[in-house]
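Among the features that TrEMBL reports, domain 'BPL/LPL catalytic' is placed at 75-263. Annotation comment: TrEMBL describes R120, G121, G122, D123, I124, T125, Y126, H127, A192, M193, G194, G205, F206, A207 as substrate binding site. As annotated by TrEMBL, site 'Lowers pKa of active site Cys' applies to K189. TrEMBL lists C223 with the feature active site, acyl-thioester intermediate.
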Amino acid sequence: MFLSYKLWSNFQNSYFKPLYLCSSKLLASQKKMNKIIQLKDLGTKDYKETWEYQEELFKEIVDLKIKNRREETSLQTPNYFLFVQHPHVYTLGKSGDLSNLLLSEKQLEAKGATFYKINRGGDITYHGPGQIVGYPIIDLENFFTDIHKYLRFLEEAIILTLQEYGIVCGRSEGETGVWLGVGTPFVRKICAMGVRASRWVTMHGFALNVNADLGYFDNIIPCGIRGKAVTSLNVELGVEKVDEEEVKEKILKHFSILFEATFEKSEKGKKQSKI
């Protein structure tokens, strides 16, 4: 059976054109994937202030994604990575158990520490001087849409970094973060992780003990896990202090390879140089 030219033309327009438009939109969105991450090193900063800044950057990305959807535009969404150290603070994830904090309010004050219940996953952890905290606030649609892969890549960046120092480490089944001595009676955690993700945008991240005062972990049941110790890179290496800037550079190197990303150093959004 033969179709008339007019019928065939109508068939082409109704069937193939939508396919072409869909594929064109897909290609356009792929071309606009932004794999540049703006790096901001905040130095030492109050936890609440940093949390509010994370929320600000998170909202910026989410609002732009909503705008793109509503207005059928394809503006690039930015990505951010914050390095920071906090004064002594304990944070409890949204599904955490407050009983894992072993201090009263007065005892917290006596230790010069603060406490916040926050909107990340996970239980309780400690942040303080000598700890490298990283907060990737990125649009995963610029990279891949798989939150489990994202968590494994975060862990892998830390694992590869520690391996450069000769540290044998890895994952512990059923738990996030990076561990030493897995499968032995001396298992210990060196890096905690907890994230939040919405509309494929992430916030919060990881805390790697480099020169941390481990005594502060005695005041909590870290991550709600009993019977497992916490350690720090300087302790494992048997040295007084590890160069924290060097550790940061190694983390960024492995993160950029895993995520196929480029870092641009910035301050208050102003670009300075590429990594």
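Backbone N, Cα and C atoms are what each Cβ position is placed from, and that goes for glycine too.
Remember, TrEMBL labels are computer predictions, not curated facts.
Just so it is clear, the model here is predicted, and its values are computed rather than measured.
Least packed by the Cβ count within 10 Å, out of the recorded positions R120, K189, is R120. Of all Cβ atoms in the protein chains displayed, 25 besides its own lie within 10 Å of the Cβ of I124 (substrate binding site). Of all the binding-site residues listed (G122, G194), G194 sits in the most crowded Cβ setting, with the most other Cβ atoms within 10 Å. Comparing the Cα of K189 (site 'Lowers pKa of active site Cys') with the Cα of every entry in R120, G122, F206, these being the binding-site residues, the smallest distance points to F206.
Of the residues the record lists as binding substrate, namely R120, G121, G122, D123, I124, T125, Y126, H127, A192, M193, G194, G205, F206, A207, the two whose Cα atoms sit farthest apart are 16 Å from each other. A192 (substrate binding site) counts 26 other C-beta atoms within 10 Å of its own C-beta, drawing on all protein chains shown. Across all of the domain 'BPL/LPL catalytic' (75-263), the predicted model scores a mean pLDDT of 91.
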